[in-house]
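J.: Structure provided below as structure tokens; questions to follow.
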């Protein structure tokens, strides 16, 4: 038993050492095979000559595009920044080998600086970097096929149309082609009709609706040869939620405030302030839009036209408000209504708006016995209605009444004087000599002298007007307001 155990342990150790040595030899042989292959391929290899056996042959380059991310669309500078992978495939007869001679190595990866690569550039570049900047390794296959997929971030020129901003849709393109070789030297072939969007990272501002590639050939003015290119067309649509919440809705709400200016009463002193505040707010939003859209005179966004029209409307509302306030604060003592204003607003406008004058209503039943309408006339005398305002006027009126009573006592000794208090009522002088309103108990109407009666009748017959009780009440209210204003003027003068 001991002899058997001593024989197994050396056997296991020998097997382990044999397997490790075989693996090391195999790995060394593989690495040695790649080294021999590398030396075989690049010994005497010229990376500056086209990979064709005859100079008349054409190198066919298959070209495709894969989008990784749409970084930005700069409307102001009219360019699109995008992260792409450029998929390129061509055949190089100088890079072929037999896998059986190199331990079945079918493909290797070599630095792209060591082999010939097509000089494909972005024609409509906007920042000066036309070619690929990051030179990644190329994948070589035993049949001579070369596959190279370098990443790149391009800024391509893009014509921006902001007519329907922020609900716009842009058409951008990326044009790739050889800068040095014409169609007789290098020809392009579209690898895929559509752009590869499998690894695309969604953008929060733009959505790619469609992206296709087309093959074109064009003869330029600089050269006589024809140059091929593959142009990728992108249809991108803006996601308008951000601008709708932060721009469109506030503009609409501020525009609605303009209409509310006309609903404010004229006595309110905030009409002009509200108009100017709305105008300044719209100006701020217009400046925000101006910073976003390109400085072009070809198209004007509809939202800019809307804000401009709203600003004009607000400006007109300010002018109209100033005119309304000016007319509102006018009074008969300072201004006279022109004839054309009366005819325009009282005759023309009502007919145009199909408005009719309200019918004249009969006097209320409670006022039928309080005033004799047939004999009530408005006197043209300056003091047709008198109201107590202050002590000075009361003293003057009392002196005038005492003088009149003395003259009446001399002329009419048997006349009964009025017993009503002067401060309790309001005295109205009419052409008929009657007092309106209720008369205190025991009072007797004043009998004017004969001369005064004739003068008052003449004045009443010439300039008197028939008045209803409602108009008389209105006149009393107007006289009260006038006396109040007169008292305030007297206080300020003191």
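Yeah, the Cβs are placed from backbone N, Cα and C, and that goes for glycine too.
According to TrEMBL, the record shows the following:
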- 392-409: compositional bias 'Acidic residues' (COMPBIAS)
- 414-427: compositional bias 'Polar residues' (COMPBIAS)
- 35-239: domain 'Neurotransmitter-gated ion-channel ligand-binding' (DOMAIN)
- 247-493: domain 'Neurotransmitter-gated ion-channel transmembrane' (DOMAIN)
- 389-464: region 'Disordered' (REGION)
- 1-24: signal peptide (SIGNAL)
- 241-265: transmembrane segment (TRANSMEM)
- 272-294: transmembrane segment (TRANSMEM)
- 306-327: transmembrane segment (TRANSMEM)
J.: Same-chain Cβ contacts of the transmembrane segment (272-294) under 8 Å, 6 or more residues past its ends?
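T.: The answer is 75-78, 160, 162, 165, 247, 250-251, 254-255, 257-258, 260-261, 264, 301, 303-304, 307-308, 310-311, 314-315, 317-318, 321-322, 325.
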J.: List, by number or range, the same-chain residues at least 6 past the transmembrane segment (241-265) whose CB is under 8 A from its CB atoms?
T.: 165-166, 205, 271, 274-275, 278, 281-282, 285, 288-289, 303, 306-307, 310, 313-314, 317, 321
J.: Give me the mean pLDDT over the domain 'Neurotransmitter-gated ion-channel ligand-binding' (35-239), rounded to a whole number.
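T.: A mean pLDDT of 90 is what the model gives the domain 'Neurotransmitter-gated ion-channel ligand-binding' (35-239).
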